[in-house]
Amino acid sequence: MSILPQLLFVLILGAAGYILYKRVSFLRRNIFLGKKETRNDQSDKRWKTMLLVAFGQQKMFKRFVPAFLHLLIYVAFAVINLEVLEFIIDGLTGSHRIFAPFLGAAYGVAMNVFEFLAIAVLVSCVAFLIRRNVMKVERFTKPEMKGWPAMDANLILVIEIILMFAILTMNATDQLLAERGVEKYTLLNGLVFSSLIQPLFANMSDAALIAIERFAWWFHIVGILGFAIYVTYSKHLHIFLAFPNTWYSNLKPKGEMQNMDEVTNEVNMMLGIASEASAEPPAEIGRFGAKDINDLSWVNVMNAYSCTECGRCTSECPANLTGKKLSPRKIMMDVRDRADEVGKSIDAGGPGLEDGKSLLGDYITKEEINACTSCNACVEACPVNIDPLSIILQMRRYVAMEESGTPAQWNAMFQNMETSFSPWKFAPTDRFNWADQVKSEEVK
Amino acid sequence: MAEMAASGESPEILFWVGCAGSFDDRYKAVTQAFVKILNKVGVSFAVLGPEEACTGDPARRAGNEFLFQMQAVANIQVMNGYEVKKVVTACPHCFNTIKNEYPALGGTYDVIHHSQFLQELINKGKVVLQGGGEFKGKKITFHDSCYLGRANDVYEAPRDVIKALDVELVEMKRCRTKGLCCGAGGAQMFKEPENGKKDINIERTEEALATGASAIAVGCPFCLTMMTDGVKNKEREHDVKVYDLAEMIAKDMGI
């Protein structure tokens, strides 16, 4: 028995591990291009949120059909990956189905479960391909989905289908070989699903079967490693990031906008109110609001990498529904693409953030952010608790306070508020006039 | 408030009227209706009158944090000066801002929306309804305001108030957590919408009309304006009315 396959396996595993390590470091560094923000309070509630929303897929089930199909793929992914452990041990030691003798009959049951899940994934992926490409569900065909995002989604589905076929082919040929008593192959009692495709291979020679079985085995494991690397370039990162992303969810009421303490200091100084912070020297003068990804919080950037472009946010956005340019999904995709661009530039020794471009302007326009009604429909809709609204409002702050670039009608509203303490131009002394009528009625 | 403070009284609650409630002709009627209810029930309350200023909500949502905080700090100074403990308001935007955003600036109060307050009064038997009056048995739909619903998870109080009127509450397709915005939040009330194929309030009004309701109930001055405009746009103002919850209760009480 040659040791070559084992050597090859070690090499492939090592190379995949190295690439993955580089990719994870890249993503991690990109996320931390965002500003520091501490969100470690209420850890009980955070674990609970993660369990319900990420692990339990709670918010997915607002739309039952895709949620159910997605659940099948999710469970299959988690369960079938147990088998990857066996693949790796087999690959390293040259053994074959090393767990089979230890688990006895349970092994056969497990394999049947895996095969059932493989079929479930096949069905779900085909259904998803149909939803995207034949039914053309509206949220999958918005302008921001043109090109790579649509391709990315289809590629993932196709890869998953091929990987599942590899498992079934491997099991079918493996069992044919076992039935023929070929050395090393273990007969498992009745693999329900793969036996259905056995007739395809029944007339082949042992050698041909071994070749197919080995090819399917290698294809599957290399495919999984390749897929793991692919995921880091893809919207599919949500399979990992959904967990930290939900842990770091915003637990405050959705209507609350984060206070800008740097502004509070200045307001207090202007009004002559002593505050705890005003005694300290002013911190490093940063920007008000967000122009680029480094003005956002790291949680905002992690949100962007967690987005799987499902578009539930956009499909519930009142602005988008009525034909405005704003799409919360596009906001998230833009943040991610900008973070990627900056990260790549830094790694190539380039200018990074100083490349003359910025998130607001080159990726996101004022027309988009101005159309937001801050209604929180996007935040509510997101299955992994992404908060596009926070990013939109931070950019509005930049436009208002750094560029004085808000629409003229808003400037007029600001002026009214400054002069008459109301967004409308009414005399503040008239504020109580409504009471005249009540009083006169009471006199009657 | 100033008068009460001068005479050494401290009212149980501060009714935060808000700018729309003070100046908008349509919403002034809501303020009046709510005050009549309070008077009828004998709640000890006060208003700030000319000492009240905009909470700053639209300025903050439009990005002007400075202006927001200037407004907020001034309001907080006034309220803290009167040692205000409990605030009730008929505007979800004021409600959200005072409840959630003033604490960071030194103003912490127990803040409730008038729908919650009305629900309390009904539950405690302080407001006894006459069985719906002109609304009895009619189909009424409730439009969730974003700043009451999603922003603060208040979905049932306004519905309970409506149900107390012995009407048939019909829901729109998008309601509660999935409620569709009227189009005015996030300072949109104060500017024209961006280019698109439709105005948001029209989309929402169409949905409300599709329920076949004879009245659309709201709990927010902006929603009231947007839905009223929407109904007018659809030329249905003769048979579909838009009311605030307080108006409906006051009508039923015959005040």
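For all residues, glycine too, the Cβ spot is worked out from N, Cα and C.
Residues A:185-203 are the range that TrEMBL records as transmembrane segment, among A:185-203, A:261-279. With a cut-off of 8 Å between Cβ atoms, the residues of this chain six or more beyond the transmembrane segment (A:185-203) that come close are 96-97, 100-101, 105, 107-108, 111-112, 115-116, 118-119, 167-169, 171-179, 209, 212.
Most Cβ pairs within less than 8 Å of the transmembrane segment (A:6-21), among stretches A:67-89, A:109-130, A:215-233, belong to A:215-233. Shown for the domain '4Fe-4S ferredoxin-type' (A:362-392): DSSP residue counts in helix, strand and coil, namely 17 helix, 1 strand, 13 coil. Taken together, the residues of the domain '4Fe-4S ferredoxin-type' (A:362-392) have an average pLDDT of 98.
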